[in-house]
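Positions annotated as domain 'Glutamine amidotransferase type-1' by Swiss-Prot: 2-199. Swiss-Prot lists 76 with the feature active site, nucleophile, giving similarity to another entry as the kind of evidence. If you look up Swiss-Prot, you'll see 178, 180 marked as active site.
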């Protein structure tokens, strides 16, 4: 099973690439999306506005790949870029695959939020969430998605406010947490992801 990790030109992609390899993916890192992969990964590095500029160059190709059935995983910022807009840096358009805006955590808490927190299911479980309910996952973020619909929110976490931890719609899945830093829970999720791709 082949995965393409998109290189936005910022950040270290080693962790997510290594985690995918550990569960059996063949991983390529490239800055151009292609249609000959089982999974395309938007990693969790950079700022929303900077990544939005990169995404804009390939927006139609990403949309075409999604419509053709290519599977996508977005991690942290990679999940956030799948929403309509983000305010980090400056207000910028995302891909719009999920309805809602990405904004700073609106609570009197220390930011960035770094560390372990529980995830909990908010909808009937899907293949992606098996074994994850009430388990600890790792976060590094100051911004969260504020969706206009809960239809695609399968898991949440809480840090001052409740926010989406895992979203999914057809062939697109996003996690606010970092599976590559979430120890055994992250490995469980990535194993689930392989099964979800084979569905």
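Every residue gets a Cβ built from N, Cα and C, even glycine.
Location within the structure of each feature annotated in Swiss-Prot.
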{"residue": "76", "record": "active site, nucleophile", "CB count, 10 Å": "26"}
{"residue": "178", "record": "active site", "CB count, 10 Å": "20"}
{"residue": "180", "record": "active site", "CB count, 10 Å": "24"}
Cα-Cα distance linking the residue listed as 'active site, nucleophile' and residue 178 (active site), given in Å to the nearest integer:
6
When DSSP states are folded down to helix, strand and coil, where does residue 178 (active site) land?
coil
List the Cα distance (Å, whole number) between residue 180 (active site) and the residue listed as 'active site, nucleophile'.
11
What average pLDDT does the predicted model assign to the domain 'Glutamine amidotransferase type-1' (2-199)?
95
